[in-house]
Ligand SMILES: N=CN[C@@H](CCC(=O)O)C(=O)O
Ligand SMILES: [Zn+2]
């Protein structure tokens, strides 16, 4: 038997095999295989063992991992990938102490990206999103969730969702689509948020029929959508067959986390100011907490999600960049891993679960992404790092050496010429 690819001399291999999301204490139990090797056949993982036992295997191509770390491709569970324009001018406003929600209230923030996205053509949005997606892949990410939410009208929301559909065909990274039509109240509905939500709800059927999104999400926040309005909207989404997510307790403690648990949402995301009660409920539920600490950092907040308490309460936690043009402008999930170590006090083992298997379960891809296991897609990262502790430790740079997606090398750091 001749395999397509054999990766050998792996210093540490993290298989991240799991039957479900790692919850509570399980997040701290990491299987680390030393001196390992992995063989790939037809885009799938075909053999895992010791390098010593791989010597008599034959392969068309061999990759020497040089004693480095090898992990599953990272899973990015929360992004706002498709948008027009950029918001660098808001940085000085933030420096003057103008609050994120205040900028939004003044018609800036999300609403300024809405204007740019409405103006952009499908092709412009596509090439811009592709640029960011390439960069994610270069940073070791092989599966990405992408939300709409910068249209806030039928035409532009569909344009964003169509861009993701197109990217699914064109790009090696696997994409998972979420409808976030309820991301902000557009200026034209300023005085009637209920009517606006109604207009987004009217899109559910079409989105379902055209298979444009798997999830429906909402920004449950002060001066945006109340808990009650969110409940009604998400119940309508569930009735149409969607799984739901919530941007919950990001800036003010409204109870979005409790709502997510009560609705059986697949995930509750942000959680920077979740209440004690919310933490308890999350811990006792199957809803995955997707924490976005880059947002707390980038918005200059003192409060970070209480990840420790959530994990101690038994929750399954994922972490993500929240890549978007306003509250977290980075495609580098490795940086978020460092912030999780330093600001969320998560252990390296917990962090690796949070960017692989748990992130995959948070977007309903637990059966296919986030682990290296026989028969699974060979989505694999070879790092320029000796062990799994090293990535959160050495912060702010890209440690990726090679990314394989479906068993093909899609990125290689070739060094300086
Ligand atoms: N908070 C709401 N939505 C995004 C930010 C969007 C933006 O500022 O453009 C978030 O997840 O942080
Ligand atoms: Zn978001």
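Even glycines carry a Cβ here, placed using N, Cα and C.
As annotated by TrEMBL, domain 'Amidohydrolase-related' applies to 69-409.
Taken from TrEMBL, the feature Fe(3+) binding site applies to 78, 80, 247, 322. Following the DSSP three-state reduction, the secondary structure of residue 80 (Fe(3+) binding site) is coil.
For residue 78 (Fe(3+) binding site), the count of additional Cβ atoms within 10 Å of its Cβ stands at 30 [all protein chains shown]. Residues annotated as Zn(2+) binding site in TrEMBL: 78, 80, 247, 322.
Positions annotated as 4-imidazolone-5-propanoate binding site by TrEMBL: 87, 150, 183, 250, 327. DSSP assigns residue 183 (4-imidazolone-5-propanoate binding site) to coil in the three-state reduction, outside any helix or strand. Contacts of residue 183 (4-imidazolone-5-propanoate binding site) defined by a Cβ separation under 8 A and a same-chain sequence distance of 6+ are given as 110, 147, 148, 149, 150, 152, 217, 218, 219, 247, in order along the sequence.
Residues annotated as N-formimidoyl-L-glutamate binding site in TrEMBL: 150, 324, 326.
Cβ atoms within 8 Å of the centroid of the Cβ atoms of 78, 80, 247, 322 (the Fe(3+) site) belong to the same-chain residues 79, 147, 269, 270, 292, 295, 320, 323, 324, 327, 328, site residues excluded. Each of the binding-site residues 80, 87, 247 was scored by the number of other CB atoms within 10 A of its CB, and the lowest score belongs to 87.
Checking the binding-site residues 87, 150, 183, 250, 322, 327 against ligand 2 with a 6 Å cutoff on the Cβ atom leaves 322, in sequence order. Farthest C-alpha pair in the 4-imidazolone-5-propanoate-binding residues 87, 150, 183, 250, 327: 20 Å apart. DSSP assigns residue 324 (N-formimidoyl-L-glutamate binding site) to a strand. Note on residue 324 (N-formimidoyl-L-glutamate binding site): other Cβ atoms within 10 Å of its Cβ, all shown chains, come to 25. 247, 322, 324, 327 are the binding-site residues among 78, 247, 322, 324, 327 whose C-beta comes within less than 6 Å of an atom of ligand 1, given in sequence order.
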